[in-house]
Amino acid sequence: MSSRSPRPPPRRSRRRLPRPSCCCCCCRRSHLNEDTGRFVLLAALIGLYLVAGATVFSALESPGEAEARARWGATLRNFSAAHGVAEPELRAFLRHYEAALAAGVRADALRPRWDFPGAFYFVGTVVSTIGFGMTTPATVGGKAFLIAYGLFGCAGTILFFNLFLERIISLLAFIMRACRERQLRRSGLLPATFRRGSALSEADSLAGWKPSVYHVLLILGLFAVLLSCCASAMYTSVEGWDYVDSLYFCFVTFSTIGFGDLVSSQHAAYRNQGLYRLGNFLFILLGVCCIYSLFNVISILIKQVLNWMLRKLSCRCCARCCPAPGAPLARRNAITPGSRLRRRLAALGADPAARDSDAEGRRLSGELISMRDLTASNKVSLALLQKQLSETANGYPRSVCVNTRQNGFSGGVGALGIMNNRLAETSASR
């Protein structure tokens, strides 16, 4: 009987396990730096947007400016030669005219700048931040008063714009919800006896329904276009501008850019002057409020694009730091069956029972740690839920979301804070 030499135990190849904290640290850093990353990314995109805009406008307007300079130089030389006036004296006279022009003096008869209607038009352009520039204070007292007056006036007007945005979003949500209820009632998905606030409405899907930001954007855009077209028709007939110039004036005014190259209601007299000034005031007020609301809705779309770009960058970062989806992970505190470990120990000739106690101890420790974390998170969730139910019972429903950074829209100040949780894209459930 030949004695075989005992086979050496198979060599255990130690797998290089990935560092479990790398991905967590990466995700934690991206979570903490989400606002900073969004700010830096938006600043970079705005910089590129400015460069692109400057390139386009320079290509469009620079040739016309060069031609205008050449024509003006030729006109100046011809006038100097024809009338026997030295060119330096003529330029000095033109500088005096420019100073008078800045003070409000025009060759044609214009309305007084600082009577009560003119001053009211001026303060309207100040507090709305339009600032046409056709009228400016020239005295020291007027400039000092403008600083204090504009500080509180602009702040109050911005608050008015935000409240208008809140009202218009609530109105659109109410109308679109009513249309959706009517559509569901026609299709038979909603009972005819359905009423808001009933027990059925709480179980129905309409209880958490919110309008989409794209629908609100479409409605506000159509209203802004309609308002601009009507105002442009009025300015074309009264001011004598081209229709394109009138549309250009409407956008410059409604968006509070206020270049001042075209300014309405500046002639000394108009036909139906009182009616025209009232219409001009109402069109500018509604236009500024509408375009302000439209800008804030567009900013939600821009923020969605920024969040999408940040998610893509975060996924690429985590893909470099974390293992592939199919790679085995060693979880220290995971609750896993011990059959695979016993089979490996039996194949190696070791006694599985010798290591069961140690493995069982580690597994129980992991269970205790996991249960402790779960209990703590449940306490936080229960406290938030109790707060939400209490506020709802008192008539002040506030949506509370545990994952406050799921969509990047929770919280916020100003217009973003007003639209938070009022649209489908800014809802805390997304």
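Backbone N, Cα and C atoms are what each Cβ position is placed from, and that goes for glycine too.
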Candidate sharing the K(+) 3 site with GLY258, PHE259 (per Swiss-Prot), from GLY124, GLY131, GLY141: GLY131
Long-range environment of the region 'Selectivity filter 2' (256-261) - Cβ separation under 8 angstroms, sequence gap at least 6: 125, 128-134, 288, 291-292
Folded-back contacts onto the transmembrane segment (282-302), same chain, C-beta under 8 angstroms, at least six residues removed: 42, 124, 128, 130, 161, 164-165, 168-169, 213, 216-217, 220-221, 223-224, 227-228, 230-231, 234, 250-251, 253-256, 409, 415-416, 419, 423, 425-426
ILE130, ILE257 as binding-site residues, winner by CB count within 10 A: ILE130
Binding-site residues (THR129, THR256), the one with most neighbouring Cβ atoms at 10 Å: THR256
Inter-residue Cα distance where the pair is GLY258 (K(+) 2 binding site) and ILE130 (K(+) 1 binding site), in Å: 5
Mean of pLDDT values spanning the region 'Selectivity filter 2' (256-261): 92
